[in-house]
Amino acid sequence: MAPGLASSAALLLLVTVLGSLFLVALSEDDQLENLRFVRRAQDAPLVSHYNYIIIGGGTAGCPLASTLSEHSRVLLLERGGLPYRNMSNQQHFTDALADTSLASPAQRFISEDGVVNARARVLGGGSCLNAGFYTRASNDYVRAAGWDARLVNSSYRWVERALVSRPDVPPWQAALRDALLEAGVRPDNGFTFDHVPGTKIGGTIFDNSGQRHTAADFLRHARPGGLTVLLYATVSRILFRQQEGAPFPVAYGVVFIDPLGGTHRVYLQDGAKNEVILSAGTLGSPQLLMLSGVGPQAHLEAHGIQVLVDQPMVGQGVADNPMNSVFIPSPVPVALSLVQVVGITRSGSFIEGVSGSEFGIPVSEGARRLARNFGLFSPQTGQLGTLPPKQRTPEALQRAAEAMRRLDRRAFRGGFILEKILGPVSSGHIELRSTDPRANPAVTFNYFQEKEDLDRCVHGIQTIERVIQSQAFANFTYANASVESIFTDSANFPVNLLPRHLNDSRTPEQYCKDTVMTIWHYHGGCQVGAVVDDDYRVFGVQRLRVIDSSTFKYSPGTNPQATVMMLGRYMGVKIQAERWRK
């Protein structure tokens with residue numbers, strides 16, 4: 001097939017792969033029967049008491065809850081459902097992010113920067129939606145965080161024993177590895193979980209049969225008598241009181257709402273070492289602090305929230321590692337593969353790839369009913385970059401979807417090489433839009449605000465150019481397709497809501513700005529040293545911690561899920577040790 005047809009269809013592959021990078025047989029009732037400590041929020045008592053109340057059953061909350069349940073009574077509150085329907089196999093990895101319903105496990109939001117994004121709403125969090133790549137943080141990152149290196153390593157190993165596999169590397173990924181080495185991203189580090197400069201094969205939470213293993217799997221190792229998990233439980237606020245002898249307000253419980261509108265209260269049992277722990281993620285944790293009266297005074301008062309603690313740093317320092325990608329059409333069929341190989345450059349960019357063949361062909365009856373809903377950047381979700389937002393009518397979206405449906409299946413041959421930058425240095429903030437805990441807050445990431453981030457992106461794009469031109473990757477590129485034409489085609493993909501610069505002489509800097517996307521590695525908003533201390537206790541209150549990605553200043557490693565899961569286990573072990581310390 002000619003490169004022109006391939007490039008005209010490349011949008012469809014982008015829609016399906018990058019829009020989804022990141023339970024088939026049993027019903028939810030069957031799954032609940034198998035997990036007897038998991039129940040729906042409407043079935044919970046109106047009042048209950050626990051040693052620990054964990055808000056958010058995500059990538060950090062699940063390992064944390066499992067660990068603390070070993071010797072304590074723990075309640076884990078998750079606003080979403082179980083992670084088994086349309087998420088368990090990599091063949092279905094597009095389905096969740098293509099779901100725009102109110103019950104979707106991926107709650108879509110668009111940052112104030114104009115970049116489409118999503119936050120998890122499912123037990124297991126982002127580990128249910130991502131591309132599955134597993135790699136640790138660097139030793140420098142661990143030292144800078146002030147973590148106990150020995151406990152960090154044992155916590156990583158605990159995660160790896162439960163979830164992580166070594167991938168079977170298909171030819172496209174093997175060619176990417178060899179091309180990165182040829183492009184100078186050396187040395188060859190083979191298969192390793194470690195974050196070291198050079199090119200490596202990392203771990204994956206997909207097993208060799210293609211089944212996804214998520215953070216929710218950790219709950220199977222919990223002590224059944226020590227853990228209760230409530231699904232579809234939306235926490236509206238954390239409860240505080242002034243306690244005699246305590247210098248700060250003391251957290252003593254939470255209020256949550258069930259799907260039927262019922263209000264429930266959960267209280268901490270008596271005991272100074274019982275705690276509420278926020279693990280609601282980068283958007284959810286600062287949002288809930290503000291809804292509970294802990295945040296910037298003027299902003300809270302503007303929303304009619306009674307200020308408990310004026311804490312101006314809540315919601316600040318929020319960052320998202322920008323991702324840029326290029327689609328390379330292939331003259332030969334390419335097997336489905338998610339992220340398996342990464343090139344860790346010395347210039348601060350990370351190079352990864354995803355590939356597939358005939359992605360637009362539904363693999364299940366459920367997918368057929370969705371009529372090729374192509375993921376986060378599909379016409380069905382309104383992402384038509386060539387039309388102004390006000391012209392994106394249902395009729396226009398339908399015409400675009402129909403045009404895609406008529407494309408030749410061979411158009412789906414190929415893959416994306418993408419780059420993500422270290423850090424980033426640029427950051428923004430989160431603000432409340434309303435006092436509704438179910439609504440997304442307003443998020444600004446300020447992509448490429450700092451020149452250092454843009455320079456790193458340019459170095460990454462230049463590395464991708466060398467990869468495309470390498471002998472190692474020659475079997476997966478058309479001989480008559482120039483690097484310039486490949487990048488020009490990719491630059492026209494409707495990947496965000498930013499204005500288009502329609503010319504054929506884009507600089508690498510302009511390419512980075514025009515084609516910026518998320519890789520779902522956003523973090524910050526409750527950073528250590530600003531909102532929480534080194535033990536993740538919230539400044540200005542007592543018996544409240546935040547343990548999740550919102551505490552990070554920079555994203556760890558090339559992909560953060562390993563470190564977020566590790567942190568849940570790590571802090572669970574530390575909190576247990578504190579509990580029994582005389």
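Note that Cβ sites are derived from N, Cα and C of the backbone, with glycine treated the same way.
As recorded in TrEMBL:
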type	residues	note
BINDING	VAL122, VAL235, TRP520, HIS521, PRO560, GLN561	FAD binding site
DISULFID	CYS457-CYS512	disulfide bond
DOMAIN	281-295	domain 'Glucose-methanol-choline oxidoreductase N-terminal'
SIGNAL	1-27	signal peptide
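Projection of TrEMBL feature records onto the structure.
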| residue | record | CB count, 10 Å |
| --- | --- | --- |
| VAL122 | FAD binding site | 29 |
| VAL235 | FAD binding site | 25 |
| CYS457 | disulfide bond | 28 |
| CYS512 | disulfide bond | 24 |
| TRP520 | FAD binding site | 24 |
| HIS521 | FAD binding site | 25 |
| PRO560 | FAD binding site | 25 |
| GLN561 | FAD binding site | 29 |
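Note: the CA-CA distance between GLN561 (FAD binding site) and CYS457 (disulfide bond) rounds to 22 Å. Note: the CA-CA distance between TRP520 (FAD binding site) and CYS512 (disulfide bond) rounds to 17 Å.
Cα-Cα distance from VAL122 (FAD binding site) to CYS512 (disulfide bond): 32 Å (rounded to the nearest whole number). Across the fold, the C-alpha of VAL235 (FAD binding site) and the C-alpha of CYS512 (disulfide bond) stand 38 Å from each other. Of the recorded residues, HIS521 (FAD binding site) and CYS457 (disulfide bond) place their C-alpha atoms 16 Å from one another. Put simply, the two farthest-apart Cα atoms among VAL122, VAL235, TRP520, HIS521, PRO560, GLN561, the recorded binders of FAD, are 25 Å from each other. Mean model confidence of the domain 'Glucose-methanol-choline oxidoreductase N-terminal' (281-295) amounts to 98 (pLDDT, 0 to 100 scale). Looking at CYS512 (disulfide bond) and PRO560 (FAD binding site), their Cα atoms lie 22 Å from each other.
Helix, strand and coil counts under DSSP for the domain 'Glucose-methanol-choline oxidoreductase N-terminal' (281-295) come to 11 helix, 2 strand, 2 coil.
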